[in-house]
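Asker: This structure is in structure tokens; I'll ask about it shortly.
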Amino acid sequence: MTKYVFVTGGVVSSLGKGIAAASLAAILESRGLKVTLLKLDPYINVDPGTMSPFQHGEVFVTEDGAETDLDLGHYERFISTKMRKANNFTTGQIYESVIRKERRGDYLGKTVQVIPHITNEIQAFIERGAASATCGEPDVAIVEVGGTVGDIESLPFLEAARQMSLRMGRNSACFVHLTLVPWVATAGELKTKPTQHSVQKLREIGISPHVLLCRADRRIPDDERAKISMFSNVPEDAVISVWDADSIYKIPQMLHDQGLDAIICEELKLEPKAADLSMWSDLVEKLEHPRHEVTIGMVGKYVDLTESYKSLIEALRHASMHTSTKVNIEYIDSEEIETHGVESLKHLDAVLVPGGFGRRGTEGKIAAIRYAREAKVPYLGICLGMQLAVIEFARDVVGLKDANSTEFDQETPNRVVALITEWYDREGRVEKRTEESDLGGTMRLGSQRCPIKPGTMAEEIYGKDVNERHRHRYEVNNRFVPQLEAGGLIISARTPSEDLPEMMELPRSMHPWFVGVQFHPEFTSTPRDGHPLFKSFVEAALAHQQSRTAAEVGEKA
């Protein structure tokens, strides 16, 4: 039978519940347990797919095409279990399901209320999510409850967790509460009162936490931990200090050293083998002792909010570990390039244009792509980054000066990138796609396997085929592919059924490393294995740096 660990948060948001939950999962997995994670989001949106990256951060896409919270990305990076749609649900989904049942008459005319109908539905979603785990029936399901204790939106989820714990009985569920212990500079001390009040608020709901994870900018002294223990009624050894670390991959060892996994296993009456965190120690060692260093420019419009590119940043970090190369990411606002030109790119070892949407800043990105192509700087374009690379090539190499995407210019006669529903086939016929089409409307989501063209750089990187996740509405238009190929561009991968371009590259005779991908490879990168595309990209950046350095030395000589 699956046992549950509920992770809640108090005092303030953004303390790192997702990292804490994922780290605990990693430790338990290292002890031989099958583990899955779920994220409960209190907002009323059905999913984060249409939410602004400025408010919500990155939208993480699962293998089965669900648009989910970025914490699911942390889950997949920390454990081997893959996440699915059932691993993340929102208040919006819960109410939608309950209202649908009410309309069908499932409640037999009863008054539908938060208790028991909403809370029962939440429990059903939790159990369904745990049962759908890709690892088989999990020994432990860790459930992260979004929001902060005291928020009105979180109350039904906390009540459902309380009811579920009561229903399942002793040693079947436990609660871990993450709080803030702030350092007050004027007083010169850590303050435990916010944590005391947060636990008090949780106990008012009927939940007594078994473990407290106390976040601070420094290690919490034993006397302060004893004070928190006394006022919160949590054993002192279960008051765990979680201080700021320069890498999230140090957190599993930090929690294990303080006995978190032992406390959880004791509470749930689990007797797994001893933990083996050597993999995490090795990864941290690689991260902290690189042999090389490169600077990669990420050109985008969300550069002030790195949460928007969380998986991408982590994928580059994974490549850093596996190539012994420190990767410095320089965030460059594409609108600044439109105003001031490409001077800010000239010291870079590689250029990356990530996914995005909307017209703002696109001409700056295209200017950056042109610079990378002409200066022979390694370039990686992801999703929109590939589409803009095709547009730049069509304009500046093929000669279609007004080439564009219909996302930015509905009137352009040369629609080299177009919405799926207004897509052209190779004969120039418009292919209409609707909600009933195989692609499911105007968004392509989830994993898709595609064969790779032999003899290409893509084949060197991936092998015979590629299986990556998608999240986009626009596609490279097949009508223009013959002209692009005549100019030298290579379509190195296509979808097997719809014949849609998946990867593009330039031959080495034109450029040493220039690759665009329609999918999002960052979603499948893990610290355990890295990712072949990002490893190749970092290696190309290092090779470019070394060749440039050699040329500069030659000039001085």
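Numbering starts at 1 and runs along the chain as it is shown here.
Cβ coordinates are placed from backbone N, Cα and C, and glycine is handled just like the others.
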Asker: Which residue of D69, D71, D106 does Swiss-Prot report at the same ATP site as S14, L15, G16, K17, G18, I19?
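Answerer: Record check against Swiss-Prot: ATP site with S14, L15, G16, K17, G18, I19, extra candidate from D69, D71, D106 is D71.
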Asker: Please identify which of K82, K227, K250 is recorded by Swiss-Prot as part of the UTP site containing S13, K191, T192, K193, P194, T195, Q196.
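Answerer: The record-listed residue among the candidates is K227.
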Asker: According to Swiss-Prot, G356, L384, G385, M386, Q387, R473 bind L-glutamine; which one of E338, E407, E459 is annotated to that same site?
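Answerer: That L-glutamine site, as Swiss-Prot gives it, pairs G356, L384, G385, M386, Q387, R473 with E407.
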Asker: Listing them in sequence order, which of the recorded positions T195, K227, H520 have their Cα within 10 Å of that of M386 (L-glutamine binding site)?
Answerer: none
Asker: Can you tell me which of the binding-site residues L15, K227, E407 is spatially closest to H520 (active site)? Compare CA atoms only.
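Answerer: Closest by Cα: E407.
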Asker: Summarise the model's confidence over the domain 'Glutamine amidotransferase type-1' (295-547) as a mean pLDDT value.
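Answerer: Mean pLDDT, the domain 'Glutamine amidotransferase type-1' (295-547): 90.
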Asker: Between the Cα atoms of G356 (L-glutamine binding site) and C383 (active site, nucleophile), find the distance and write it as a whole number of Å.
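Answerer: Roughly 8 Å, rounded to the nearest whole number.
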Asker: Please give the maximum pairwise Cα distance, in Å and rounded to a whole number, for the CTP-binding set S13, D151, I152, E153, K191, T192, K193, P194, T195, Q196, K227.
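Answerer: If we measure all Cα pairs in S13, D151, I152, E153, K191, T192, K193, P194, T195, Q196, K227, the largest is 31 Å.
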Asker: From the recorded positions K17, L384, E522, pick the residue whose C-alpha lies nearest to the C-alpha of P194 (UTP binding site).
Answerer: K17
Asker: What is the nearest of the binding-site residues K17, G18, I19, E144, E407 to T192 (UTP binding site), using the Cα of each?
Answerer: K17
